[in-house]
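Now, the feature entries from Swiss-Prot:
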type	residues	note
BINDING	C379, H381, C402, C405	Zn(2+) binding site
COMPBIAS	837-847	compositional bias 'Basic and acidic residues'
CROSSLNK	K100	SUMO cross-link
CROSSLNK	K488	SUMO cross-link
DOMAIN	11-45	domain 'SAP'
Amino acid sequence: MDLEANCKEKLSYFRIKELKDVLTQLGLSKQGKKQELVDRILTLLSDEQAARLLSKKNTVAKEAVAKLVDDTYRKMQVSGASDLASKGQVSSDTSNLKVKGEPEDPFQPEIKVRCVCGNSLETDSMIQCEDPRCHVWQHVGCVILPDKPMDGNPPLPESFYCEICRLTRADPFWVTVAHPLSPVRLTATTIPNDGASTMQSVERTFQITRADKDLLAKPEYDVQAWCMLLNDKVLFRMQWPQYADLQVNGVPVRAINRPGGQLLGVNGRDDGPIITSCIRDGVNRISLSGGDVRIFCFGVRLVKRRTLQQVLNLIPEEGKGETFEDALARVRRCIGGGGGDDNADSDSDIEVVADFFGVNLRCPMSGSRIKVAGRFLPCVHMGCFDLDVFVELNQRSRKWQCPICLKNYSVEHVIVDPYFNRITSKMKHCDEEVTEIEVKPDGSWRVKFKRESERRELGELSQWHAPDGSLCPSAVDIKRKMEMLPVKQEGYSDGPAPLKLGIRKNRNGIWEVSKPNTNGLSSSNRQEKVGYQEKNIIPMSSSATGSGRDGDDASVNQDAIGTFDFVANGMELDSISMNVDSGYNFPDRNQSGEGGNNEVIVLSDSDDENDLVITPGPAYSGCQTDGGLTFPLNPPGIINSYNEDPHSIAGGSSGLGLFNDDDEFDTPLWSFPSETPEAPGFQLFRSDADVSGGLVGLHHHSPLNCSPEINGGYTMAPETSMASVPVVPGSTGRSEANDGLVDNPLAFGRDDPSLQIFLPTKPDASAQSGFKNQADMSNGLRSEDWISLRLGDSASGNHGDPATTNGINSSHQMSTREGSMDTTTETASLLLGMNDSRQDKAKKQRSDNPFSFPRQKRSNNEQDHQTRHRSLNKICIILCAGKN
């Protein structure tokens, strides 16, 4: 096997990287396809003349080339093609090798040398055309020229195109079919001594064959004369010299439309005149002269005209010229600021202040909205133009220049913008006046609108779209898709929340107050823990939270043991929270009646002078129940056992059942009275130590009608009267958290000023010492645990009773005394006194309730505490006055 065949076999295993490494060592060009690189190496082995041409200054022998190929191949075998013969690792010295004397072979046609000077011989410095279909070699000194003759040799450009390739790109509407006259360089004929312009001229002949003449018979074929400045800053355009004089077969032809002495600007373009009418079959003569010192080349070509659609077909389709990801990255970079220059000195106001950026989709060429978004690929901005309009205008102007940045390119750089073209495609059915969109830094967009009517007309286009054109989820959709977390609602109902009182019926049918659970087993204690050390009190406020402010959230103050629901029929119940449920049968039909002998002394400290004093009606006079508090009752006797379901207690839906079992009482249960005694008065608060016979012995002739649902399973005798409801003591020395009538974990102690007005003032030391001498109750309750407020006397007018003087009323006296139920009426009215409505409150209209008193205006200033303290004194006088 000879040397050339051996190297050819080894080169077949080389990759492009290895081939370029070998060519680098040989000093040859590395551009081209793989087969071209292989042929370039094999040429050095087969043809000495071509080797001398390719290697330029260095001459290499066949043996040196073969050794270089062999070393590279051996390294590929050893290292698995990972360590390549590159970066000076080849030890062969190719710089000092000389070509051995061998007979010269004819020049191979693969090595094309075509220069404007007309010389096809190689020189020491040559440059190759970048066009893959051309790859001709030209002399550097002939085509790379300085701007001024005295500037010296300019550096080689990064990319080089020969004059033929530049001409093809200058006007894509003309397709070159043949070159009857190859490019020739104009030469200076005279050099004036007076500094005038140098005259240059060239005269050539070209031949038009019969086949060319047949083509010219078709309307789309023509013969065109062209001229080009070799060192033009705008590569892809024609330019004629100053004072150009063109003649074809002796016929003058106008070459330019500008004045002869005017230079062509950067944005200007010259056209190539059509000389078809001036030529004839056979040999034709053409000459060109001009007064210009610059170097031009001149030629004649046979061309075919392209249609507009054919030129548009040259532009790659959407997504092929540029990927969508690259286009989106450019838009984000431009919207984010900097205009594509990622330098630290970029000072973009858009990046600082704008949430989105307005983009106008009007074509800068036509002024109408862009239909097909086109742009030049090398441009760093995001501006676009209408592709169809742009190409059509360039059919005459031949100015392939970006209308935004004014940089010059060729038709091969035009692409369809994949980002903006999706937007314009969605807007094709919009009105032509809709031309603006808003783009966010992430690339999402929407059509800009100024009025609500425009938004409705745009429809979905007025909403934010993702960069790919899909709709972005709106805030409503996001809210709908949010995960709904389960919320545990304890003691809450959809309607008005009920007031829950810590009372229940014992085995004897007596209503009793829940004692503090010292062992921590009650439901409220399990929820409250041990952070609160003060008592629960009854708020004299319409606030649900005990804060003293009307309209608080009714969802709080719901954690009581049981429910005690009242219906006020539109009247404001100052002594009960807003959490009143109207679903239970506790009507308050406060009707106006004669005042009788009940007289109420009102001391008001409020700012209003028109406080109304409502005289109590005979609610319970004559054993009537219309104005009282009605509890429906079942027949006497305990029919059903008490509901011991702890879940019903904790849930707040067990009616008046307040205790899981009897263990929640610290005192023995009292016996149910066998008959219904008449109550001498109403005991709202009790501090007597003796409650063994019943917590309160106050009854009424009318039945207490409580439904089984409210009683929690207990029933009472029809003749059993309304019993007074004891309230928790006001002592602050106790440490239990739920020692209150109202089992509300949020209203502890005396934190809320609105609660102060319904509590007795704290007794002084002398008053307290009087209570210390009293004996403790036999059932384990201390006398300090109960406080009494006397709300009037019996019908017999017994004001001199010692038990009522100091507010202490024994159970024996209560069980034996006879009287009317006026005090019960007064207490029920006190509990159920509400204003008719919010509108009636504004008009200062009060219900006919015996103990409904004017409320002061609540304010947020520092006088609230003093005002409520004065109101406390007023209430005490009202309650203690009774009936005189």
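Cβ from N, Cα, C; glycine included.
Keep in mind that what you see is a predicted model, and the values were worked out from it rather than measured.
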Within the same chain, the residues at least 6 apart in sequence whose Cβ is under 8 angstroms from that of C405 (Zn(2+) binding site) are C379, H381, G383
Counted with DSSP (H/G/I as helix, E/B as strand, rest coil), the domain 'SAP' (11-45) has 24 helix, 0 strand, 11 coil
C402 (Zn(2+) binding site) falls, by three-state DSSP, under coil
DSSP, reduced to three states, assigns H381 (Zn(2+) binding site) to coil
Same-chain, non-site residues whose Cβ lies within 8 A of the C379, H381, C402, C405 Cβ center for Zn(2+) are R375, F376, V380, G383, I404, L406, K407
Listed in sequence order, the residues of the same chain lying six or more positions from C402 (Zn(2+) binding site) whose CB sits under 8 Å from its CB are R375, F376, C379, G383, N408, Y409
Most isolated by CB count within 10 A, of the binding-site residues C379, H381, is H381
